Amino acid sequence: MESAPAAPDPAASEPGSSGSEAAAGSRETPLTQDTGRKSEAPGAGRRQSYASSSRGISVTKKTHTSQIEIIPCKICGDKSSGIHYGVITCEGCKGFFRRSQQSNATYSCPRQKNCLIDRTSRNRCQHCRLQKCLAVGMSRDAVKFGRMSKKQRDSLYAEVQKHRMQQQQRDHQQQPGEAEPLTPTYNISANGLTELHDDLSTYMDGHTPEGSKADSAVSSFYLDIQPSPDQSGLDINGIKPEPICDYTPASGFFPYCSFTNGETSPTVSMAELEHLAQNISKSHLETCQYLREELQQITWQTFLQEEIENYQNKQREVMWQLCAIKITEAIQYVVEFAKRIDGFMELCQNDQIVLLKAGSLEVVFIRMCRAFDSQNNTVYFDGKYASPDVFKSLGCEDFISFVFEFGKSLCSMHLTEDEIALFSAFVLMSADRSWLQEKVKIEKLQQKIQLALQHVLQKNHREDGILTKLICKVSTLRALCGRHTEKLMAFKAIYPDIVRLHFPPLYKELFTSEFEPAMQIDG
C-alpha cells in the first residue's frame, strides 16, 4: 500500500457533474480575472448549457462565457468556465487551486509524482494536480493584473478561433441531407459497424477511438479512461510461499464452489490472498465514478415532480440515448477496473474481450448498489437521485422494476467496498462464458478471487451463508442483462438508425447482435 497519500479533497469531486464541481450561476465574463471568492454548488455541472454561438468571437465586455468555454480546462480537460487565476480552467480546478492557496497545504504524491491529471483522475492526487496548476501558470498574483493586455486578448482570440474551427470541421463531416442528430453525435465507419475486437482492444490499451469522440460541446458525456502509472498492481510472483493453505472444497474453507474442473482447485498462500484482495480493492476504489461517501451525502437530492415530468415527456429515443451514454460511461470505468486486476492482462486478448463483453454490464449493476437509496427507492442518475418514474419514457417499466428490485436486494446486504470489489472481480472472471480460449486459466483466477472474497468476508465477521447469497446473485445478474438485451433489440427494431448513428460505439459493440460474428472462433 502507498505511504501517507493525501486525503481526497471532498469539495473537489461532486458526483453527477460533467465538470464535476461547476457552480451554477457563478460565472465571470471570460476576459476578466477571477478573485476566487465565489461559492461553488455541488453537482451543478450537469445542468450547464453546452450551447455556443456560431458567430465570430468579439473580445469585448459582451463576450459570453460560452464563447470561451469552447477551450477546455488547461488542467484537466473538462469544460472550462472562464479565466481563473490567470488560466482558463473549469470550476473544479479553480476551487481546488483557491483552497490550496488559502490553506497553504502541502500535498504528497503516493506514486512517482507524474500522475495523469484529467477529468476522471484529477481528485486522486492533489500533489500532481497542484503542480500542474502551477506549471500552466495559475497564480494568486494573477488577480492583481486586471484586464488582459492586447497581446493576451489576441492570443486568446486565436485559440478560441482554432477550437471553433475544429468544431465546425467536425460538424461539417455530417452527410448532407442527414437528419439532425441527437447529441452527442459519434462518428462511425462507412458501413455503420466497427469490429469489436479492434475497437474494444483500443479501449483495452487505454485510449478512446478517435472516431468515437464526441465534439467538444458534449465531450463530457464520453470519458477518456487512461491507465495510471502504477496500474501494474502488486507482484504476486514475488510473495514467499509460506504459510501454505489448502483451500480446496474438501478443506471446508471453500464450501460453496461450483467449479467444474477439480484439477484447478487452488493451493495458495495467505499472503497471496491478502495481496490479491488488496490489489482488487485498490483497483475498484481507483475506478469508481463517485466516492461512496459523497453519494450518501446527497441522497436527499431527488428530482422534483416537474423534473420527473420533463424526463417522462422526453421522446423515447432521446431517453434511450441518454441512458446508453450513462451506461457507457460506467462501463469504461469497469474496463479500467478489469485492466488493473492482477492476472487479467495476462489473458489472451480474445478472452479479455469476451469477459468484458459478457460481464461489464453485470459489474455496472453490482456497482449500482453504491448509488442506491433503499429508503426512498431511488438511484443516482444524471445529477440527482431518481425514482423508477423518471425512466417511464423508455417504454420498459418491467425491466426498470427489475433493476430497482436488484439494486434494493444487493443494497440490503450492506457490502463493504472490499466486498463489492471482490464480488465484481469474481463476476467478471466467469470461466463459463462462451468463446473463451483459456477456460482453465480463467477458472483458476476466478477461484483465487472467490477465495479472497471468502477470506475478506470471514475477516469482516459476516454472517454464515452470505457468500452463498452473493453467488446466487450471479444468475439474477445474467437474467437482468439478458432482459436489457431483449429491450435493446426491441428498441433497435423500431429505431435502427438511432442505434446505428447515435448510440456510443462501445455500447453497440457490447450489446447489439450485429457484432456477434466478431466473437466466433474457429474450432
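In case you wondered, yes, glycine gets a Cβ from its N, Cα and C as well.
As annotated by Swiss-Prot, N6-methyllysine applies to LYS38, with the evidence given as similarity to another entry.
Taken from Swiss-Prot, the feature zinc finger covers 73-93 (among others), and the record attributes it to sequence analysis.
Residues annotated as DNA-binding region in Swiss-Prot, with sequence analysis given as evidence: 73-138. Regional average pLDDT for the DNA-binding region (73-138) in the model is 85.
Shown for the zinc finger (109-133): DSSP residue counts in helix, strand and coil, namely 8 helix, 0 strand, 17 coil. Residues or ranges marked as zinc finger in Swiss-Prot (evidence: sequence analysis): 109-133 (among others).
In the motif 'AF-2' (506-511), the DSSP tally of helix, strand and coil residues is 6 helix, 0 strand, 0 coil. Feature annotation from Swiss-Prot assigns motif 'AF-2' to 506-511.
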